[in-house]
């Protein structure tokens, strides 16, 4: 077929470097022209969907969906796994960019005035290195125990169906994030750039920002706006952590949190695993609020009267943020597995959009993961003035997060 | 200075690379992942070489400048060798992964060919290498200051930008030629790649005589570009067909049915 000289790759649609059409992704939005969240999507959608390109791929996927379950899944998961990974790269990158940009420009978040969170009571202004190390380890132990206690508390609440309590808790947290923390942030940005501002204007700005945020997160809203708010909230939380966690404690905590996440999710008696299993038994989604979703939101816009736990969205209040963070992250990681199961067509109880391909259900990532990664990169940016460190951390985080997710997927499978 | 220098240097250094990324890689998530993985492997090589560098500098005599210069040369050579080693390691990893996928997959062809991988991984290496070279300079160029006010060359930022562009393109060409020669077991061309990398890096010792380092580097870029072009299946005939829009494969592949 090819007139080119190479045997190895004939130039066809697959191997073309400059891509041809890709079958368009049917989207949730009423307005089909609305750009998709990922950077790649707008480019795909600007190319008019081709009837010639579509049927072959749809036919192929239809044919492949037939009984032979094992073989068919290998190619598609690779492609859609890659697509999902990219759909996560973009928001994670955005969050990190916001955090790094703030750290580098607004000096408030790198000033240490001796204030610390109550969860890290031991100071790091000690005389010897050994004492400092000891203090940071103690801080870590306290922080992790707080997280564990909160997580168990949340699991207990969930088990005994205290949905109203959880709902209220989450609303309170997001209120604090959206109003107070963003007010502080705005104030610091104004101070940095020496912009004059009056209180009525600020009140108006913050009021609008906060209210729209609450609505988007806890109720219905455009997908992209919701994603933007989730990213903004994660960035704000990460900035708070970067400011108030002392240096060494921050790094030890980051390490300990990773270990805790792995343990809590993969261990049979882990609280997060119990939470996920309970939710699966009851056939309910778990706190979609704590989770960033890159595609169709299950609860948003879906009138689903059978549910008690209505959009218990968004979280990350400061006092319980650790609990939510860790749940969110672990939940989200756990959520990948139900996702892949769903996409194998085994359990379609959550699919409220049956017309979408399984692959387009999108992917979810816990907000805790956003915060975790952003704190890592932000700390790297704050600690050294060097941009190389920040860049290196960024690339390493992307690769390691992909590797961790893939490993977990395969282990579960 | 400031904004114009910043933007100018950024676009000089990263313009071609970003254009390549946007037009050929950005649409395909798999390629993006392999690009970032390539950048990660370059980072690994840098980590290793910087560890060695750090240790040797600590145990060396900090006063003697000739020893420090010797150490620098040693560092550069070691870094180049480690980069090429990591490129080889990445190649092996990709081969293994591709074979594994091919075995499991129902399709007969791999979702991404080894040539595309060569290009993408080379570009990944180039991106990271260029970023590490240039980013701190760019950050400094935004702020107030005068380049070379103490008697150093005034062309530092600009020549760094040009050097970075050359390095990015070179990494891409090296990637293509490297993978191709590994596939065909042409070890001599592998050696030429490594030697050219060493040559380019050692040419930079001529700085601040930037002419001495930039001109030969660009000659090497051009030559390697040609070599990579022919390695990846290009030929004068292909080029002619492409430029006159008569390439049937290309047209068929991008056929847009009306």
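Using N, Cα and C of the backbone, Cβ positions are placed for all residues, glycine too.
Unlike curated entries, TrEMBL annotations are predicted automatically.
These numbers come from a predicted model, not from an experiment.
Between the listed ranges A:268-285, A:286-303, A:304-321, TrEMBL ties the annotation transmembrane segment to A:286-303. Stretch with the largest number of CB pairs closer than 8 A to the transmembrane segment (A:248-266), among A:137-158, A:165-187, A:199-219, A:226-242, A:387-404: A:137-158.
Put simply, of A:85-103, A:137-158, A:199-219, A:226-242, the stretch with the most CB pairs closer than 8 A to the transmembrane segment (A:165-187) is A:199-219. Contact between the transmembrane segment (A:199-219) and the transmembrane segment (A:137-158) is not supported: fewer than 3 Cβ pairs lie under 8 Å, counting only residues 6 or more apart in sequence.
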